[in-house]
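Right, one structure below, let's go through it.
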Amino acid sequence: MHARFAAAFSQLPAELQAALTPVMASDTFNAVITAAQVDAIGHACHLDRQALSFALLPLAAAYALTPISHFQVGAIVHGASGNLYFGANMEFSGTPLQQTIHAEQCAITHAWLRGETALASITVNCTPCGHCRQFMNELNSGTSLPIHLPGRHTATLGDYLPDAFGPRDLQIKTLLLDPTHHGLMLDNAASDPLQQAALDAANASHAPYSQAYSGVAVETPRAVYAGRYAENAAFNPSLPPLQAALILPNMSGDNVNAIRRAALVESRQAPLSQYAATRATLQALGCNDLQHHPL
């Protein structure tokens, strides 16, 4: 089991520790607890799904990277599949605060990148900030998404974000988490797994306002990870593709400071580009090898 969990794990009831150990001690654990595992753990510990999620929040918060705030936030997304996806806030030294990934963004994007196409609810250890409320309003669940907080009655996103402005006000039909494919093509991408991963991510990205479809793939000594752009009706809460890509190595127990090379695929004709911000953030993380493929 990864050392990051030691303190939080030691505080769990012994029965829950015993049920979780086979799952979390696995070398393949990637911050996802499958529906079958949720049922088995809940049965062994006499916990329903929501009680289990509350108990797991400290483990989700253990994924936080907080060199600036030193304040850990954990979130757990309940996918429509029954899986639970961990998320935590991620900050990056040497970059503007705007490059921060909030815990709710992390958990939701984590679920999206793992193939989830709808959410049942989200559980967070702190009240969602306005930025995250607006980010969640881009989801295909809309304002009906249930939000669970310790010590509070369950409320919906609509309760936290009344009179919301979102994609439906702009007649956007394809929403965040809806499957899509933009038809971008890159010659010889199949010869390089990094390029292919970035291309696949760009084709699945959500950018209905700018059509700036984009994806980033990063390579560490362990694996290639890819992330997609998640645009927002309010613009500023949009999550850049690099940030999405950085979620996966962190959730997989890898090191975001161990990136050897990266690739950005994006629409050439779009009114904006991810290149400058992607390059600057990668350089802050110690990576200077960025391939750029405008299509």
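Keep in mind that glycine also has a Cβ here, set from the backbone N, Cα and C atoms.
Taken from Swiss-Prot, the feature domain 'CMP/dCMP-type deaminase 1' covers 48-168, and the record attributes it to sequence analysis. Broken down with DSSP, the domain 'CMP/dCMP-type deaminase 1' (48-168) shows 43 helix, 26 strand, 52 coil.
Swiss-Prot lists N89, M90, E91 with the feature substrate binding site. Taking the Cβ of E91 (substrate binding site) as centre and 10 Å as the limit, one finds 17 other Cβ atoms among all the protein chains shown.
If you look up Swiss-Prot, you'll see H102, C129, C132 marked as Zn(2+) binding site, on the strength of sequence analysis. Note: C132 (Zn(2+) binding site) has non-local neighbours H102, A103, E104, Q105, P237, i.e. same-chain residues 6+ apart with C-beta under 8 A of its own C-beta.
Marked as active site, proton donor by Swiss-Prot on the basis of sequence analysis: E104. When other Cβ atoms within 10 Å of the Cβ of E104 (active site, proton donor) are tallied across all protein chains shown, the result is 24.
What Swiss-Prot records for 189-295 is domain 'CMP/dCMP-type deaminase 2', and it gives sequence analysis as the kind of evidence.
Of all the binding-site residues in the list N89, M90, E91, the shortest Cα-Cα distance to C129 (Zn(2+) binding site) is found for N89. Highest Cβ count within 10 Å among the binding-site residues H102, C129: H102. Within its own chain, M90 (substrate binding site) has A64, L65, T100, I101, C106, Q243, L246, I247, N250, V256 as residues 6 or more apart in sequence whose C-beta sits under 8 angstroms from its own.
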